[in-house]
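Q: There's a structure below that I have some questions on.
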Amino acid sequence: MRILFSFLLTASGIAVAAWLAVTRRRVAAAFGGSGTAVALVAFAVLTNAAPVLAGDRSSALIGVLVLCLLGWLVLTGRRSVRGPADLWRRMSLIAAGALLAWCFAVDVLTGTGLYGSRLVAYAASGLLLLAVLLMSRDIALDVRAMTWTGLAVLAVMTIPALFSGDAAWRACTAGKLEKCSLAGGLFKSFYDSENYIALLASFTLVASLCVLRRAELVAAAAFCLLIVVATGSRTSYLAIAAVGAWVLGSFLLERWRRFVRIHLAFCAAMAIAAAGFASYLMWSASKTTLSNRGNIWIAAREYIEGRTAAGVGVSKWYHLRDIGEAPTHFFHSGYVLAIFSGGLVALVIWCLWATALLHGKVLDGRAFTAKAPLVLLIVYSFTEVVWNPLSVDGLSWILVVLMLTVTSSSASAVEPAAGAPAADRPSGLWATLRR
């Protein structure tokens, strides 16, 4: 079965790559232009291929890619730091910057200060936020941008499956942590964990459900589900089911009425509830909670005891790992990462970021549909670190796309500048009718 799955993964990856090449004009339209499409897709693909291309120096390559992205923005005349016209999208950028600044300050001022090479990671994260700020003024993406980018990344990760042999698979586990897939192994591509590629497939699948139709939807969904099944990732099954219900509800709700924004109170309640539940998981966890994730969360909460409000800084985790006092795995929760790095203050800022981005304007009036990938990030962050605000990695493109998405269906509806006359500001429904 493993050989069969390897063949299917490779064949599907080649087919998807060919599909993207044939439909490159439609791909470019989702990004508002071919230049933006090439820049963002290349950034996503290369950051994910960095472990293969650069080995132990993959972090250095990712840093170079961030600088290249900034260089492209400057060369194309995108130098305005005024940010997006929509106040709430601007607030989400401010919150992301505040989260980075707070956690950096805590790391520097706590204990012996920064440990290892974390300063470079902080700098890369700051430069990526600067790139998002420069792009946010006149680059408007639709949800298809996440679909096409995700498919491109997954194609690169699945094409080598047939030629990599057992290197692309991890053996099934037994005992209390029994885990296996229909393939008789756990597909991990060229990463160390099958959960990584399953996460990418989940985001691509949810975005596809939001915007693709008929044969395209069947093809994209089949490809993503093949990957998820091959990984045996139970987290992905649960997250897809939860957000699938959101997508279905969105379709039903938006047939009745269009929503340019999701109500602020609902956005805030959702972010606060998620943070509260994640905090409960962290402080109530036993060592075997959620496939031994609790072992990581216990180590984190014990180390920050007495500094729950401010945290201790993320570099201290690397120090603990190096001296053998913490598990080798990362936090396995975006919320626990925030609490460890910046305490409850960081968690509050994270909630402000999520609330602002959820409440951001959607030009075609399909706010609930357009925000489905963001909802997936909120749900997935219970057990994985999707967005690491303190570094840049192969998942950072998800944040970039989320913060630049302003419509569910057409990137041509670029948000007008703040000073534009009212007549030049088409509403979501009117913009849809015009198309």
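Residue positions begin at 1 at the first shown residue.
A Cβ is built for glycine as well, from the same backbone N, Cα and C atoms used for every other residue.
Heads up, TrEMBL stuff is auto-annotated, nobody curated it.
Feature list, courtesy of TrEMBL:
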DOMAIN    220-351  domain 'O-antigen ligase-related'
TRANSMEM  27-46  transmembrane segment
TRANSMEM  58-75  transmembrane segment
TRANSMEM  87-107  transmembrane segment
TRANSMEM  119-136  transmembrane segment
TRANSMEM  148-169  transmembrane segment
TRANSMEM  196-229  transmembrane segment
TRANSMEM  235-253  transmembrane segment
TRANSMEM  260-283  transmembrane segment
TRANSMEM  335-358  transmembrane segment
TRANSMEM  370-388  transmembrane segment
TRANSMEM  394-414  transmembrane segment
Q: Please identify the stretch among 27-46, 87-107, 148-169, 260-283 with the greatest number of Cβ pairs below 8 Å relative to the transmembrane segment (335-358).
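A: Top-ranked stretch among 27-46, 87-107, 148-169, 260-283: 87-107.
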Q: What parts of the chain pack near the transmembrane segment (235-253), using Cβ distances under 8 Å and only residues at least 6 beyond its ends?
A: 195, 198-199, 201-202, 205-206, 209-210, 228, 259, 366, 368-369, 372, 375-376, 379-380, 383-384
Q: DSSP on the domain 'O-antigen ligase-related' (220-351): how many residues come out helix, how many strand, how many coil?
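A: Split by secondary structure, the domain 'O-antigen ligase-related' (220-351) comes out as 97 helix, 1 strand, 34 coil.
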Q: When you look at the transmembrane segment (148-169) alongside the transmembrane segment (196-229), do they share 3+ Cβ pairs under 8 Å, ignoring any pair fewer than 6 residues apart in sequence?
A: yes
Q: State the residues, same chain only, that lie 6 or more residues beyond the ends of the transmembrane segment (119-136) and have a CB under 8 A from a CB inside it; answer 'none' if no residue qualifies.
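A: Non-local partners: 36, 59, 62-63, 66-67, 69-70, 73-74, 78-81, 83-84, 89-90, 93, 96-97, 100, 104, 107, 388-392, 396, 399-400, 403-404.
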Q: Near the transmembrane segment (370-388), which residues from the same chain, at least 6 beyond its ends, have a CB less than 8 A from one of its CBs?
A: 125, 142-143, 146, 195, 199, 202-203, 206-207, 209-210, 235, 239, 242-243, 246-247, 250, 262, 270-271, 274, 277-278, 281, 290, 293, 330-335, 337, 354, 357-358, 362, 364, 395-396, 398-399, 401-402, 405-408
Q: Over the domain 'O-antigen ligase-related' (220-351), what is the model's average pLDDT?
A: 94
